[in-house]
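Peer 1: Quick one: the structure is below, and I'll ask about it shortly.
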């Protein structure tokens, strides 16, 4: 059985080290600063998957690296590729737990959606991610490794495609794993490594107001998205348990602080649930709620991917989405209906992992 622990006993991934930490580790072990820069270059520019491929590093130091670290800690279990080019990956962690990562082809490039936790405790009643409660946080290396394996998948195709955008919107609440997510952001944004621009990275939160305030002060120029999904406290609390701890008044005070501090736009994610949150009245409430920050906010209307375990919910019909959208536009709200990806595979966040675990349990029963 996988171990439920945040302090695993396996060797850490070298991806867990920021560039400054790698330099400090190399110096501590008798090497010069430039040696760490060479290793960093091998990892993020040449993208090797083994220390033994680092041909300008001494055998003794490679042995030391192998003794203390692995390169990529993930094992690829399943890859599903959609007709629209979306690719969904199921990765196995060193302790046997499973996570999902999704590659989406956009008109502006390749965008990867990463997972930050094994399971989720936020408890949104419509979401596949929360079907399994949080087991543990991913460390920085395990989050970074998702990007590296997706990039490897495309490197092996030899077409020169490069991951250009990252969305931290996979399984888990990123701000509930704050330190590791922040290290991940700084690693992938490092100019000497993957050099993915901060404005090409989006972090999504379900609304941990105190962490939004903290994030505003980090000086990290990435984009912030907030999973809103309802325009009033009663409705939001009924579908998102987090609202009972951070009601809309607290959440929007934090969002206003973030905007004032960073002068950056916030995107609101709003999943369209038929007969639940998709009426014209709901749209007017949403327009009123966001009025004060209209110039620096944006609403993303999201078609719902049905989840069998949450069969009380269904996708809003096209005409209801259009009516909702029209109300927002008439009120001057910047909004868009999100383009769908991967509708012919296990598209909903957490679905591939959940379905695979079901199959694994069924196989185990048959084998008993």
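Using the three backbone atoms N, Cα and C, a Cβ is placed for every residue, glycine included.
In case it helps, Swiss-Prot gives these features for our protein:
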- 100: active site, proton acceptor (ACT_SITE)
- 349: active site, S-methylcysteine intermediate (ACT_SITE)
- 120, 124, 127: [4Fe-4S] cluster binding site (BINDING)
- 172, 173, 204, 227, 228, 229, 305: S-adenosyl-L-methionine binding site (BINDING)
- 113-349: disulfide bond (DISULFID)
- 106-344: domain 'Radical SAM core' (DOMAIN)
Peer 1: For residue 172 (S-adenosyl-L-methionine binding site) and residue 127 ([4Fe-4S] cluster binding site), determine the Cα separation and express it in whole Å.
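Peer 2: That separation, Cα to Cα, works out to 11 Å.
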Peer 1: Which one is it: of the recorded positions 113, 120, 124, 127, whose Cα lies the shortest distance from the Cα of residue 204 (S-adenosyl-L-methionine binding site)?
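Peer 2: Checking each of 113, 120, 124, 127 against residue 204 (S-adenosyl-L-methionine binding site), the shortest Cα distance is to 113.
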Peer 1: Give me the CA-CA distance between residue 229 (S-adenosyl-L-methionine binding site) and residue 127 ([4Fe-4S] cluster binding site), in Å, as a whole number.
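Peer 2: The Cα atom of residue 229 (S-adenosyl-L-methionine binding site) is 12 Å away from the Cα atom of residue 127 ([4Fe-4S] cluster binding site).
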Peer 1: Pop the Cα-Cα gap between residue 113 (disulfide bond) and residue 305 (S-adenosyl-L-methionine binding site) into the table, whole Å please.
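Peer 2: One finds 16 Å between the Cα atoms of these residues.
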Peer 1: Helix, strand or coil by DSSP: which one applies to residue 113 (disulfide bond)?
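Peer 2: Strand, per DSSP.
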Peer 1: What is the maximum Cα to Cα distance, in Å and rounded to a whole number, among the residues 172, 173, 204, 227, 228, 229, 305 annotated as binding S-adenosyl-L-methionine?
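Peer 2: Farthest Cα pair among residues binding S-adenosyl-L-methionine: 19 Å.
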Peer 1: Would you count the other C-beta atoms found within 10 angstroms of the C-beta of residue 173 (S-adenosyl-L-methionine binding site) for me?
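Peer 2: Residue 173 (S-adenosyl-L-methionine binding site) is surrounded by 25 other Cβ atoms within 10 Å.
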Peer 1: Over the span of the domain 'Radical SAM core' (106-344), how high is the average pLDDT in this prediction?
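Peer 2: Its mean pLDDT is 95.
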Peer 1: Looking at the recorded positions 100, 173, 228, which ones sit with their CA no more than 10 Å from the CA of residue 113 (disulfide bond)?
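Peer 2: Correct set: 100.
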Peer 1: Of the recorded positions 100, 120, 124, 127, which one sits closest to residue 228 (S-adenosyl-L-methionine binding site) when you measure Cα to Cα?
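Peer 2: Nearest in space to residue 228 (S-adenosyl-L-methionine binding site), counting only the recorded positions, is 124.
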Peer 1: Of all the binding-site residues given, 124, 127, 228, which has the fewest Cβ neighbours within 10 Å once its own Cβ is left out?
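Peer 2: Looking at the binding-site residues 124, 127, 228, the Cβ with the fewest others within 10 Å is that of 124.
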Peer 1: Any idea what the Cα distance is from residue 173 (S-adenosyl-L-methionine binding site) over to the residue listed as 'active site, proton acceptor', rounded to a whole Å?
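Peer 2: Approximately 14 Å lies between the Cα of residue 173 (S-adenosyl-L-methionine binding site) and that of the residue listed as 'active site, proton acceptor'.
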Peer 1: If I restrict to non-local contacts, at least six residues apart, and a C-beta distance under 8 angstroms, what lies near residue 227 (S-adenosyl-L-methionine binding site) in its own chain?
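Peer 2: Listed in sequence order: 124, 204, 205, 206, 207, 240, 269.
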